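Swiss-Prot has this to say about the protein:
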- 455-470: region 'CTP-binding' (REGION)
- 1-16: topological domain 'Cytoplasmic' (TOPO_DOM)
- 38-72: topological domain 'Extracellular' (TOPO_DOM)
- 94-109: topological domain 'Cytoplasmic' (TOPO_DOM)
- 154-161: topological domain 'Cytoplasmic' (TOPO_DOM)
- 183-186: topological domain 'Extracellular' (TOPO_DOM)
- 208-220: topological domain 'Cytoplasmic' (TOPO_DOM)
- 242-252: topological domain 'Extracellular' (TOPO_DOM)
- 274-293: topological domain 'Cytoplasmic' (TOPO_DOM)
- 315-333: topological domain 'Extracellular' (TOPO_DOM)
- 351-355: topological domain 'Cytoplasmic' (TOPO_DOM)
- 377-397: topological domain 'Extracellular' (TOPO_DOM)
- 419-432: topological domain 'Cytoplasmic' (TOPO_DOM)
- 454-468: topological domain 'Extracellular' (TOPO_DOM)
- 513-534: topological domain 'Extracellular' (TOPO_DOM)
- 17-37: transmembrane segment (TRANSMEM)
- 73-93: transmembrane segment (TRANSMEM)
- 133-153: transmembrane segment (TRANSMEM)
- 162-182: transmembrane segment (TRANSMEM)
- 187-207: transmembrane segment (TRANSMEM)
- 221-241: transmembrane segment (TRANSMEM)
- 253-273: transmembrane segment (TRANSMEM)
- 294-314: transmembrane segment (TRANSMEM)
- 334-350: transmembrane segment (TRANSMEM)
- 398-418: transmembrane segment (TRANSMEM)
- 433-453: transmembrane segment (TRANSMEM)
- 492-512: transmembrane segment (TRANSMEM)
Amino acid sequence: MTRQCPPQESGAALSGSVLAEAAVVFAVVLSIHAAVWDRYSWCAVALAVQAFYVQYKWDRLLQQGNAVFQFRMSANSGLLPASMVMPLLGLVMKERCQTAGNPYFERFGIVVAATGMAVALFSSVLALGITRPVPTNTCAISGLAGGVIIYIMRHSLSVGEVIEVLEVLLIFVYLNMILLYLLPRCFTPGEALLVLGGISFVLNQLIKRSLTESQGDPVDFFLLVVVVGMVLMGVFFSTLFVFMDSGTWASSIFFHLMTCVLGLGVVLPWLHWLIRRNPLLWLLQFLFYTETRIYLLAYWSLLASVACLVVLYQNAKRSSSESKKHRAPTITRKYFHFIVVATYIPGIIFDRPLLYVAATVCLAVFIFLEYVRYFRIKPLGHTLRSLLSLFLDERDSGPLILTHIYLLLGMSLPIWLIPRPCTQKDSLEGARALVPYAGVLAVGVGDTVASIFGSTMGEIRWPGTKKTFEGTMTSIFAQIISVALILIFDSGVDLNYSYAWILGSISTVSLLEAYTTQIDNLLLPLYLLILLMA
């Protein structure tokens, strides 16, 4: 996040910040490797080494403008931190499920790790293939690491699991070609790897479960169908509006009609097929099942109203000011972080399944409103463009505004990714008890405090970056205080004397926040989740 110290622009400074970011990522990789210590963790180490070398090739391609697609230019490629998320997440999921004696989800964790390695290797091969002259040494390192990974995975995965990994890789390749063409400057290569890799895996899981008629928790199917449905809707309308003007009333009416058709004719029947009941009735019964849920929904509605009032108030201030290019200051943008923290903490403490579903619904609403804004759909399209432009920052350089969606994802992914079948009564012991709070700690508290204190009182900059030492230290301190408050108010959290690991995890992720130029709302919670679950 921004801290208002002038950044250094020299190539040496940039290289230093990239090296520091890489050092933090390697510290995480080696920590997980030491905790797991099997052939899969050795694969993760090999992947990190090759991603470190290939990352510089991506950076050079971006600087020279020779990348295949138009990527976000205000950051480095971010290949190394993004490449390690899915593999490390799969490794820690495998360990937890192996300890819990759940062989099915243990294998699922291995598939997640293998899939993450496959898409990361593809991104590396893409960079090496378009680099001129061909980087012989980097190709040798990448080929050696890739050969080791493929050899180990070939002798570890079943034929069905190999096919599943290849299916995800195929979907990932097609999504890259489609979405990176339709959405220029919205992603760095690392962000594209992380976001599109996750979407590809979700899409493949939904197809697999639909074809096999597998049984599962309806809330999991609800998340899968909503994510895939919204992505397919975006691809459909992006393709359609290439041939017609989306800003007319006729196009807007057609947009709303087709949204209803896709929702009622595709998404709802698909969900009905998976959960074997009426989706709308199930959702209503689920939301109003207990009095606690009714109170939480009322409380969240109040917070949503407050967020809307903040947006309207800030835009009213802009209208009355002399400069129409006025942008909200850092502290104003952090209001939404405070609101999100106030939203998630009661949900985590009192009713996590409700929070799981509510976050899914909120994600669908956010994406739909972004479609309305992006396509200028009447009657709200132009209004949303005006209201949200106030809160843009340097990361919103493409046609889409994704910061608020990344914030929601960063807070929700720790809730969605908990391996519930591998936990005892949906609870974890030790540092793992804080896994649901990973988004709250890393983004809601840590990133917010770091940004506010760094921009107002920060003087000592970390080398090669505009982030400040004071901001990072206050971030760590605020997260420690938050952990203490969680212990007081959440009786289900038992840290079991794992305080040193928690402090190390928080400090490591705070250092990553100081050096990364990627979307920290998404990256930081995932790394904290991985460390806490290890």
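In case you wondered, yes, glycine gets a Cβ from its N, Cα and C as well.
For the topological domain 'Cytoplasmic' (208-220), residue counts in helix, strand and coil come to 8 helix, 0 strand, 5 coil, using DSSP. The list of residues near the transmembrane segment (133-153) in space but at least 6 beyond its ends in sequence, with Cβ under 8 angstroms from a Cβ of it, reads 39-40, 42-43, 46-47, 49-50, 53-54, 56-57, 114, 117, 121, 124-125, 162, 165. Between the transmembrane segment (187-207) and the stretches 73-93, 294-314, 334-350, it is 73-93 that has the most C-beta pairs under 8 angstroms. In the predicted structure, the topological domain 'Cytoplasmic' (351-355) carries a mean pLDDT of 94.
Residue counts for the topological domain 'Cytoplasmic' (154-161) under DSSP, helix first, then strand, then coil, are 4 helix, 0 strand, 4 coil.
Per-class residue totals from DSSP over the topological domain 'Extracellular' (183-186), listed helix then strand then coil: 0 helix, 0 strand, 4 coil. When the topological domain 'Extracellular' (38-72) is classified with DSSP, helix, strand and coil residues number 26 helix, 0 strand, 9 coil. Remote same-chain residues near the topological domain 'Cytoplasmic' (351-355) are listed as 219, 286-287, 290, 292-293, 296-297, 344, 415, 426, 436 (criterion: CB distance under 8 Å, separation of at least six residues from the stretch ends). Helix, strand and coil residue tallies for the topological domain 'Extracellular' (242-252), in that order: 4 helix, 0 strand, 7 coil [DSSP].
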